[in-house]
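Student: I'd like to ask some things about the structure below.
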Amino acid sequence: MRAPAFWWRRPGVASALLSPIGAVVGAVALARMGKAGGRVDAPVLCIGNPTVGGAGKTPTAIALLDRLTARGATPFALLRGHGGSAPMPLRVDPAIHGADAVGDEALLLARHAPTIVAGGARLAGAAMAVETGASHIVMDDGFQNPSLHKDVSVLVVDGMVGVGNACVTPAGPLRAPLLPQLARADAVLVVGDGSAGDRVAAEATQAGCTVLRGWLVPDPAAVAALHGIPLIAFAGIGRPEKFFATLEREGLALLARHAFADHHPFRPAEIARLVEAARAQGARLVTTEKDRARLTGPAFAGPEFSGVLDAIAPLPVTLALDAPHALDALVDRAEARFQARRT
């Protein structure tokens, strides 16, 4: 499902009609968030977001995993494994698991650190990570889930859209009322520029959160390889238009754009149509790393896709922070709290 357009406008008739349901959803979410979570013998750092959909959580989790590794730690990634069908909890092996089994984010995270997909059993997944050598656990999503105690929580916000109309789903994009979420967070990371993100940053500051600023930076080599080539772009992420705008900002030539819902499970027939359209126009297909990761598994293992998927270019992005030592400060805080709860 794609987010309704009215979520990103000032509250109107649609959000007003849905607000009673949003009030119930918000109350239930806050009641769940107030429950004590189970604890494991490792610091837990959670990367979540206050809204439904993507805002840059996975690149943030990757940046944190890489920083922990550079510090000499052995971090594990922990996530639900959205769309995965394999029995969970499960340690991801990219050599045998496709996105159909473990979800797209898990395959990306597993390139940087050992990764556990846990389904709804995050506490069991965290325990598995610790038993197999995790010194730290980085949760990709799960801020609103109470099952696992978090030593540090970071909320990631898209600077362009912020929290939209600031209403709780289905009246708006929020998973729960904003201020109580900020009260449970240690930091808010605003990714990208925009007045909507600035407003969230101001509220986060008033709530006592550390405010960080960051940007998703496309891989220069990948961009250079696509210059001068006609492109057809497709994406099934929280805001596909954000991906398309990135391509245009980098000076790439887009002939067409195809937007799909977040975590869209691509069917072979859909990809075949895109491939044929690209061939007919002498273009190359380009997509996000997440979307490219979903083009794995038995559905895309047939001979008709031999060599075809290699021609679909992913555009990797990395998180750049305005404060170089921000991640170290978060890790230090998590480790201090972990030591305090052990004594």
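Cβ atoms are placed via backbone N, Cα and C, with glycine included.
Look at Swiss-Prot and you will find T51, V52, G53, G54, A55, G56, K57, T58 tagged as ATP binding site, backed by sequence analysis.
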Student: Which state, by DSSP, holds T51 (ATP binding site): helix, strand or coil?
Tutor: strand
Student: Could you tally the C-beta atoms, other than its own, that fall within 10 angstroms of the C-beta of K57 (ATP binding site)?
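Tutor: Total other Cβ atoms inside 10 Å, all chains included: 25.
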Student: Far apart in sequence but close in space: which same-chain residues, 6 or more away, have a Cβ under 8 Å from T51 (ATP binding site)?
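Tutor: Listed in sequence order, they are V157, V163, G164, P173, L174, R175.
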Student: So which of the binding-site residues is most packed in, judged by how many other Cβ atoms lie within 10 Å of its Cβ, out of V52, A55?
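Tutor: Counting Cβ neighbours within 10 Å, the top one is A55.
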Student: Other than T51, V52, G53, G54, A55, G56, K57, T58 themselves, what residues in this chain have Cβ atoms within 8 Å of the centroid of the ATP site's Cβ atoms?
Tutor: N49, V156, D158, G238
Student: Counting across all protein chains present, how many other Cβ atoms fall within 10 Å of the Cβ of G54 (ATP binding site)?
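Tutor: There are 21 such Cβ atoms around G54 (ATP binding site).
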Student: Among G53, G56, the binding-site residues in question, whose Cβ has the most other Cβ atoms within 10 Å in this structure?
Tutor: G56
